[in-house]
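Engineer: The region 'Disordered' annotation in TrEMBL covers 1-31. The feature ATP binding site is assigned by TrEMBL to 60, 160, 181, 182, 190, 191, 192, 193, 194, 195, 196, 197, 516. Feature annotation from TrEMBL assigns domain 'DNA topoisomerase VI subunit B transducer' to 398-557.
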């Protein structure tokens, strides 16, 4: 019995221990969370990860240069790394396969014979077609047997001329998730605030290699070099090397290098489209993109040159609008504020609340509140009352002064520079408000152009970054394809090459989906603003198209008249000769003017050739007068125009003031 009791006790103790382990609380670091849910940050697969890495590094480079008002110069290099080279980088010796049937790409002898026979038949058919002059069909993509575990590796390098990073901050800026300098209420390019940190996490997961950073700030006489990776479970940087080097060239900026698993073949077009669209929305930047392959003929080098030195203003951090805050944010603001009283807190922590309005709000909160009460003494229940009043009270809308749109001039110049359209129109709307956050919609519509397909081509931008994925559900796509009557603007929706460019900037972009790749169609304020902006562009284009059609009709009339000049002059001259014969034989008498003209015909002063010349001059004169009237009405000069680009001045040596217009910038040199 005692033995049975002891066994039961041990059994119960074992169960309790097991239950205790199962119910033990576990915690995950932010780095661990994003590593397990990498699709949230755009790292769904190797190809998308390569694209997102390039995007994050480029956007960081632009932000860095713009923060010091430096015209951005960004160099991006993707270098293909073959398996043998990668193995040597990590110190792994290549090993020949021993058990070939163990591998996923194993091919039996029968399957190999069948594949070779099929390829031979296809080659024979192609040879016969060539001999008979028939056109060969495009060869299908052959199935390349590749093991599931066989990966492609790439070294991604991004170099800029930005402000650089402080020596001591670099480890935490790259090796600690959710730490950075961009947090705060302002317009930012980033979607999650992860930047290169997520690229480092993906590098850690796919290659195990560290990231390398070189950085120098302006007026520094040294360059910081740091090699590090991240401790994902503890969310802290693991520093391999952190040192200072000489900076004889006085370079400033950052160069980031990371080796990751990727897929260039499937995401090549997306990466190149991203770079091209970034050149459209950022014409004041210069981009150099290189892809270096083990096969030289696959190398790619593209340079997107700068076309202007006019930069948008730097986005300004702003305070929260009362209607946009939630209870948690109010609690945080109360905790972090340096103000003493509730009156000072309301005045200084929110926009559009002056002293008079703050006093009225406190009076409305109830007897438990007073202007002089200590803000730190506000209870949780009282915070709920403040939140309820903020949601019900009426406040002035926030201004768009904190935003930094690209500007009509830059948008127009970017479209012309990259697409070379036949005509383009741009429009920039005024600041509007969604849930307490200001936003501005800019639009451009082009017709014709280079490398533009027939139909509607959508180009979407949010806070001046291109959006390339999940286009179907986006507010811009739905508006352009379903809510614009293109025919009413003399534009053929199916045959014309139409480019629709819409850029939305805000302190909070209302993205949809976990990947934050599109803006939903369910926000009426944004949908209305997008439709209005596109329509304003279409109205401008309609005027240009109508005038172009009128000019074309005039040319057609001129050609028609010119076509009949020989027949008309021949008929007139025959009539004149007949009249001359009648006049000579006095069978018919004519007036003095007619007689004088007939004498010129008889003396061959007026001939068939002179009539042809005079009639052609008349057609030219009529066409010139009509064209002059058209030019006068449209407000353009008689002379043909062409685009010219002026070399920008060195802004460091010249003082000037820019006066902006939608189509040009007038620079006043001081």
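Backbone N, Cα and C atoms are what each Cβ position is placed from, and that goes for glycine too.
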Engineer: Tally every other Cβ atom lying within 10 Å of the Cβ atom of residue 60 (ATP binding site).
Structural biologist: 22
Engineer: So if I measure Cβ to Cβ from residue 194 (ATP binding site) and keep only same-chain residues at least 6 apart in sequence, which ones fall under 8 Å?
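Structural biologist: Same-chain residues close to residue 194 (ATP binding site) (Cβ under 8 Å, separated by 6 or more) are 34, 41, 56, 177, 178.
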Engineer: Count the other Cβ atoms sitting within 10 Å of the Cβ of residue 196 (ATP binding site), across every protein chain shown.
Structural biologist: 21
